[in-house]
Amino acid sequence: MKKRKVFHFFWSDMSRNNSFVKNGFLAVFYALLVSCFVVGICEVRFPSFFTIDDAQNEYLGFLRQYGQTWLSGEIPFITKNIFIGDNAMVELQRGIFAPQNILASLVTCLTTNPLITGWFYALCNVFICCISGYIIGRSLEISRDISLLLGFSIAINPVFLYQYAGPWWNAANGHAWSLLAIATYCQLRQRMTTGAVIANFAATLVLLASGWPHGFIGYLAVVAGFSCVDLAYGDPIKVLFRRCVPLLLAGIAAIPVYSEYVYLHPLLNRATGWENADNFMVPSLSQLLVTFSPTYYEFMNYFGGYKSVFIPVGFSTLFALPVAIFFRTSVRDRVLAACLVILGITTALALMPSQMGILRWPLRFVPYVSVFAAITTFYVFSKKDIVESSARRNVFFGITALLFVVSASKNVFERPKVVALELLTSIALVAVWFLYARSKKITDKDIGLIIPAAIPVFSLLLMLASMPSLGRIYLPVNVLPSHVSVPASVNMQGNLLSFVPWSREHPKEAADLQSSLFGYYNIRALNGYSPNGQDYTDAVLTHDTSHTIFKPDDIIPKLASAVMLPGNPCLFDLFAVSSMVVSSDTYQKYHHDFLACGYHKVATAQSGMLYLSTPKTYPANLAYSTQTGVTVERETANSMTFSVPAHTAPVRMVLSRQWWPGYTAQGLNCKVNVSGFQDVLVQVDVPAGCSGKLTVSYFPHTWPLALVCLLMGVLGLVVFLWQLSRERKLQLILQMR
């Protein structure tokens, strides 16, 4: 009898595993097809759909530098060729430890097509979103085909596709991994297995490493919503806590990612506060409620001012309206109750003020409203409990007609084609009702794969027909070449300082670039990109936005002033500025300051900007030394090795690297002091009579302690899995009796 029980247990488990593997392969293949289709159709509609705005201004340049550093065998804590935004440990949005960011940095530095990185990110993130939707659906006991449809619908979320995947790569990464974390948490709710625990721990850890706080907050909101409902339905607190253990352990393990930012926060120039200036990037409630239309647009305070934003901000799926009207629901259903609670929480987050502490722009929470609107819709749809009546049909057709009238009247003058697109949306809503909301069309079989997939495909085509991309209309986009030219007369043996107001749409030379694009073309520059900034640096290199569009009238008088050091160098020299790009008006205004510091006009760009250069060269980031015999033997991203000759007087060196606590010196048999020169540049003081090889390197100041937290998190996971294994073995023994 015992043998029969054991055989039955293992046979049923084996059958379940075979079905899981078969459906898993299908889901992966389906997600691959979806990701290739979505990326392909978006790129055909608008070349560089996935590489606009901040993707160009920030990520391309830094990713190339990071990739080169990874290939050299170092962790890219610092970028030696980009000054502003050089410290990746405080620029959390770049997520240098996230797996797809590491791969993307390698792709960027090993290829010459600027669009390839955006394609790579989009393929990865659309795939993760699609497979996450499938896992969530299956974990909530939704059928296979409907779960695949849910994944497709989640993958074409408008805010994710337009606002994240194109300009904000870090947001796309964080959103995708937050969905995978949600999916693995749903698996934990279904069954606490070793695989589910490891998957949830890993997904949460990568989410935290991605540096997208809205993604983690969205994930916490989902966990809180499920936990509250599960508690209300009688689940023990111990069970709820155990489901959160992988999340807590991942949070402990991720402390090294955030420790340096927290420690250096007093030094950073990050905007904080609590205000709602002009409702910037705050959606309206109606945008969230009309979640069933891919062509519903409203005015919103967006980049460029208060205007019509032609992306359907709150869209989830065309199924939402027919399902809400024609399918029976019950709040006694635990899953449905949890989804509604989560919808309430995420809607509240999406309607918060424009600035909330260090968080900005609640539009970033809208994707979670859409995701759970889709999950709720397909969960109810999977029950196939249809309630048809003439009253419900009248409500459905009334809402559909009203939507057409309201949406068309709002946009008929600004964008007339929206009227035709809204008519197509109305027809699509009726088609969904006709196919899936009439009882005679519903059977016990699954809905299939081909015909249902046409609905998200049609929704995506409607969105793209109205808005090819945010580029050019709302956000800037450059057509980047694989290489840019630099006039031969320009001295590039040092840092370039560009005062270009904004880059040209078709850059051809260095004078056409801005922000961190210099790093993409391996041009050493003071220009960069940083939403955080370093207080003392920003006081010298003043600029208004994260793009570091420098203010020449503030900066040039400061940098042209003499520094109280032997030789009276200009501050330009300490920043190792070998060349500048200035306008002709700026050159005329500060002509004498430039000459006094040794800068002369050497070339004119096609745009009319002027190149200025000095005869001085700075082949490495050693900008100044009181001992002329000091040489740089080796320089990497995080370190510089010097040969210090014998000397009788103290030696002071100034490195053209941004100062951060964490720089230290090793190698000499004396105490070498490393500090901040005016708290902006790295200053090294070598005592008299101390010579030899000196290495100045950067390592995160908090890591000696923070890395212990990583070990604690991993060890905690091992202990938790061991405890689960013991309980499972005990349970198996009891079943055999």
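Cβ atoms here come from the backbone N, Cα and C positions, even for glycine.
Per TrEMBL, the listed range annotated as transmembrane segment is 394-413 (candidates: 174-193, 394-413, 594-613).
Contacts between the transmembrane segment (703-722) and the transmembrane segment (245-264): present, as 3 or more C-beta pairs lie under 8 angstroms, all at sequence separation of six or more. Here the transmembrane segment (394-413) does not lie next to the transmembrane segment (449-475) in space: the count of CB pairs under 8 Å, restricted to residues six or more apart, is fewer than 3. Counting Cβ pairs under 8 Å to the transmembrane segment (449-475), the stretch among 245-264, 309-328, 335-353, 365-382, 419-437 with the most such contacts is 309-328. Sequence-distant contacts of the transmembrane segment (245-264) (same chain, six or more residues past either end, CB-CB distance under 8 Å): 87, 89-90, 92, 97, 181, 185, 188, 197-198, 200-202, 204-205, 208-209, 211, 223, 660-662, 700-703, 705-707, 709-710, 712-714, 716-717, 720.
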